[in-house]
Amino acid sequence: MAEGQESVLLTFYINGKKVTERDVDPETMLLSYLRKRMRLTGTKYGCGGGGCGACTVMLSRYQVHTRTVSHCAVNACLLPVCQLQGAAVTTVEGIGSTKTKLHPVQERIAKAHGSQCGFCTPGMVMSMYTLLRNNPQPSMEDITETLAGNLCRCTGYRPILDGYRTFCEVSGCCQADGAKCCLNANSPAENSPKCCQLKDKDTGLANGKEAADNLESGRLELFDKDDLLPLDPTQDLIFPPELIRMAESGEEVTQVFRGERVTWVSPVTLEEVVELKARHPEAPIVMGNTNIGLDMKFKGVLHPFIISPSRVSDLFEVTHKPQGVSIGAGCSMSVLRGVLEGLVRSLPPEQSETHRALLQQLANLAGPQIRNVATLGGNIVSAYPNSDLNPVLAAGNCTLTVVSKGERREILINEDFFTGFGKTLLKPQEIVLSVFIPVSQEGEFVRAFRQAPRKENALATVNAGMRVRFRLGSSVVEELGLFYGGVGPCTLAAPKTCQQIIGRPWAEETLSAAYPVLLEEIPLDSSAPGGRVAFRRALTLSFLFKFYLQMHQKLAEMGVLAENLPQDMRSALKGLPNHFLPSYQEFQEVLEGQPGQDPIGRPMMHRSALSQATGEAVYCDDMPHTQGELFLTLVTSTKSHAKIIDIDFSAALALPGVVDVITAGDIPGRKFRTLSGLTEELLAEKEVTCVGQMVCAVVADTKPHSKRGAAAVRITYEDLPDRVFTVEEAIKQKSFFGPQREIGRGDMTEGLKMADHIHEGEIRIGGQEHFYMETQSMLVVPVGEEREMNVYLSTQHPTYCQEAIAETLNIPSNRVTCHVKRVGGAFGGKVTKTSILASITAVAAWKTERPVRLVLERGEDMLITGGRHPVLAHYKVGYRNDGRITAADVNFYTNAGNTVDESVLVIEKILLHFDNAYNIPNFHGRSNACKTNLPSNTAFRGFGVPQCMLVTESIIDDVALKLGRTAEEIREINMYRGPSMTHYKMEFNPENMLRCWEECKKRSCLESRREDIAQFNQQNRWKKRGIAQVPIKYGVGFADGFLNQAAALVHIFLDGSVLVSHGGAEMGQGLHTKIQQVASRELRIPTSLIHISETNTHMVPNTCPSAASFGTDANGMAVKDACETLYTRLEPLRTRNPKGTWQSWIKDAFLEKISLSATGYYRGHDTHMDWERQEGQPYAYFTYGACCCEVELDCLTGDYRTVRTDIVFDIGRSINPSIDIGQIEGAFMQGVGLYTSEELTFSPSGVLYTRGPGQYKIPAICDVPLKFNIYLLPGTQNPHAIYSSKGIGEPALFLGSSVFLALKDAVAAARRDAGLSGPFQFHSPATADRTCLACASHLTQMVPISKPGTFQPWAIDSP
């Protein structure tokens, strides 16, 4: 048989070059093959599970039956190399480069400023490139769909969309503005100011005329759309003729590949597959590898024998019959979608009900990369409880054809087919050959429903497929099928509910009687996996209700029912808006008289954007492997609080490739790091205090070997009592890290006496994972003499890592050199934890005397490194009838985790910012860092400010709800006005803050839109709109003055080129680009002469962290100082030879022995804070802004869409508007994630559930506001920073709360319809479940709620 054959030659192409392999390990994925074997490092590792798109490549195959070449985007991290027979792979390096010729896809994302840290950029490029290979003139709908499987943490997506919108621009067509072309629609494109059918008609925008004027005016643009390379198909690689000849020859043979642990057989005939399955019934069938691959990679499942029939043509046959269509089980979701779309076009509407329902689900099933490889058969047989297709297939009476040795049978997909989690009626030796989808009959209707944590590329929380057949000419139900996913171990049916409805007319009374039956039939235990039990049960009712409304309207249209649905009920039938409209970015012109060569104030592309778009930019793990290099994998605690009794690594050392195990006993120097006076062990020695704490590490010759070695380490524990997970438990047990901080002004007692009303409340704000696209990465290389170490790593603070490694190894800091080329995103998460990881890696290099590399997998990173601090706040507020707040008392409790890290600094910043924009006369706050048995939390963009300001804004909201006024009115009444003083006695002038507020109101047309929203809400029962505008006053710089200093070193070479070194780390924020602009201005030379290589502790020592939005302020001033010194030195030469060139002056300077190197230094602001006296000047200045957001909410599901966002920001005089606007947009979207979708969940034993993009949902393109306007406040100055600019990296994140508050506004409208008024509990993040339940519809109120304490919850209640 095949499994006894020898391996045969595997032939495929990569970027036009032929590759042949004979001995491929089946566990080798294309991603690692490209990066390690082919040295094509442009394809990135982001998550390893196909959820982020960083590893996207194009896969091309020749289709013999159509004689065409198909191109599809795929995730290289899930594609086994042994599946590549006859395929052509194209990576980002294969389409263009800076050395040869750029491809327009690469150029446009770079020039449109769509690349910041750049780690996600190659994946974006390849997704878009594949789309253009298939469709050279895409619509905006095509573009947003093709990028749905790609995540970006930096940009906010808007510049990416703007760059790629240029591929679909058609003069005079609304399609260029992001909408479906109205000429192809049944009605004018809604809300499109350029609609070809509307022309001069109303656009539906409150400021439609203004928007149109802006578009037509000669305003400044962030990039020149006329200076772009045209799309040239001749630039694309042709499909290799050899592969065409191979495919047409039909000479295919069975392939067998044997690895260390797995044998992979790829047969070519159905008979052979059946025979193999008979001999190996336990062997999985692998086609797309989107299920088995994830189990093997993340769950440790081992399949010694795998059958991959991806070349068996029988599994891909599509047969059309009058009764329906038979689709081969091996067809991908994308192929299935194409077949169904063809049938919908060709069949009468009454016959394509099931097809349209399936298409609806396919549109949101995973991302395009997954849909391109995941198969129909695999989706069915996997029998996942939240499969989007299975409920619809069951509702549509679809059948499977299954075969085994000597047998063939048909199986109906129904409730009996799915027998449990991942289980079906299939026998072990059976395989699915095809799926038959019948046509629907007259009077029969099929509908699909789903709700997911994110609108796209997310597994459903609950889904459903429903089918009804009415008696002809009547509303009486003859047949009914209700199937649900996500509410049990597998797809479930509701036959009792169906029986309750069958035989009765389709009426509200019929459905009302069915709801209790449905709740009883699908009970869902309170401890059910996945949690959100009340929400999931409510969704089963909501979907049935939506089905009822849809069918009621359909019957009315058919004339069966006399009355249409009431107008206000029809909102349940409509989807949320989803067409992108043109966005507007406004910034100041440069000062009059500024030389054209001076780049300050001009939009300038990120200096590495082109290299990032071509894959040439080098990140830490892109560095070539050196001889003898080892890979390190950490072993972490599986207990939340326990003694370590024994660590047994004998089994690990016996495994192939394992070299050594590193424990705390191997550390030659300090075994801990000290922060805020408290210590944190590098490796736990005697006790562990959280799941995920690092205990030891395994080093081996390869990453797979080190992972297997780590899995073989056995640690014996003895559980310890008194585990603490939540803030409430910490308060009860008095588990805190000291000191508690307290601050205030005025007299709380008097303030409360002055109030007409007193209100008390609380709000919980969940934590947030950094989710930088590049996980923690480092390489430590022993130099070989005098104990020197070269360390290459991804960090915001190279000096801190240098000090940590030196102390750990007990060597001087001058023996350790840290190199940071660039960082693939950080957001505060690459400081303290990075230093610990680097120290452990350095110990391994020290002990083995070999280079050691550590690159955390996404799940490890999320488990180990912590994130933003969750906060619980209790508040008491006194206020008068006019809305003036007389007193506010707030207690903040942060969940710090098991070590102090930077938690004390976080609680301090919380108290310094919780006044936000408001001058409350009697104001008091206390803040505590709670010590718990969860992984330690750390710095995160905003450093506590996004949490504390949301508390303050929630207080404002509660007061507004109590008084029946808008929140904006209450905000205005309580704002700082005139020369003011903060509660810590720092003077400031809020003029620009008030200007931002008023300008935002004007630009957003807040007042008129609020009136429109009130009318909308009155007319729509199940869709509600909400709007909110919030201000921000954000202190920039470090409260500890010594951290505000910076240094620089500038060299001028004899050819006139300049090398700049400074202490800041480039992590996507454009720091190096701005520094380049600073040097260009000061030296009066073009930026093309200036180079910044890396951040290096030997070039510039004793640096401070790139954080606190102060990187450009400090390092820019240091570089300015160095350049001024050099320019002054050259003054005599310029005076003597005024007509000389820069190059001539430099040569003359050398000949005259004038130094062409200079150091620069910036002392920084003398900031300080005295917590005993509760006063100080902890910040250099304030950055101000305001944001207005409008959302539309589906009250029945909790889904929402941000319709429009307007942001006005005072950033002084921008050094680089394109970078600053990008920072605002990116921070805003990160804030949207914090407040609406990103939720960390822990088990009752302290285990982190959310360890990757599959469970943790950062915003995607589908979350971008449909209209996203940014305005930089004109006419502002800032004498406290370089060139009158302001720091911008962190402040805008809080503005994402405007989406949260707009949702709260929409929920309040829904609650009014339910007869509820006044303040209500609404915690962050405002996930769909919280939002839906808060709406308090009649359906959610039917769901019984179990009392806390009567059951074991699936997850801890955050924080």
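Just so it is clear, glycine is given a Cβ too, placed from its N, Cα and C backbone atoms.
Copied over from TrEMBL, here are the features:
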{"type": "ACT_SITE", "residues": "GLU1290", "note": "active site, proton acceptor"}
{"type": "BINDING", "residues": "CYS117, CYS120, CYS152, CYS154", "note": "[2Fe-2S] cluster 2 binding site"}
{"type": "BINDING", "residues": "PHE943", "note": "substrate binding site"}
{"type": "DOMAIN", "residues": "8-95", "note": "domain '2Fe-2S ferredoxin-type'"}
{"type": "DOMAIN", "residues": "257-442", "note": "domain 'FAD-binding PCMH-type'"}
Roughly how many Å separate the Cα of CYS117 ([2Fe-2S] cluster 2 binding site) from that of PHE943 (substrate binding site), to the nearest whole number?
20
Take every residue in the domain 'FAD-binding PCMH-type' (257-442), average their pLDDT values, and give the whole-number result.
96
So if I draw a 10 Å sphere around the Cβ of the residue listed as 'substrate binding site', how many other Cβ atoms end up inside it?
23
List, in sequence order, those recorded positions among CYS120, CYS152, GLU1290 whose Cα sits within 10 Å of the Cα of PHE943 (substrate binding site).
GLU1290
Expressed to the nearest Å, what is the distance separating CYS154 ([2Fe-2S] cluster 2 binding site) and GLU1290 (active site, proton acceptor) at their Cα atoms?
12
Take the Cβ of the residue listed as 'active site, proton acceptor' and count every other Cβ within 10 Å, whichever protein chain it belongs to.
26
Mind giving me a neighbour count for CYS152 ([2Fe-2S] cluster 2 binding site)? Other Cβ atoms within 10 Å of its Cβ, every protein chain shown.
31
Just to confirm: which same-chain residues, 6+ apart in sequence, have a Cβ under 8 Å from the Cβ of CYS120 ([2Fe-2S] cluster 2 binding site)?
LYS44, GLY46, CYS52, GLY53, ALA54, ASN150, LEU151, CYS152, ARG153, CYS154, MET773
Just to be sure I understand, if DSSP states are collapsed into helix, strand and coil, how many residues of the domain '2Fe-2S ferredoxin-type' (8-95) fall in each?
14 helix, 31 strand, 43 coil
Using the centroid of the Cβ atoms of CYS117, CYS120, CYS152, CYS154 as reference, list every other same-chain residue with Cβ within 8 Å of it (recorded [2Fe-2S] cluster 2 site), in sequence order.
SER115, GLN116, GLY118, PHE119, THR121, ARG153, THR155, MET773, GLY824, GLY825, GLY1068, GLY1226
Let me know how many other Cβ atoms fall within 10 Å of the Cβ of CYS117 ([2Fe-2S] cluster 2 binding site).
30
For CYS154 ([2Fe-2S] cluster 2 binding site), list the number of other Cβ atoms lying within 10 Å of its Cβ atom.
28
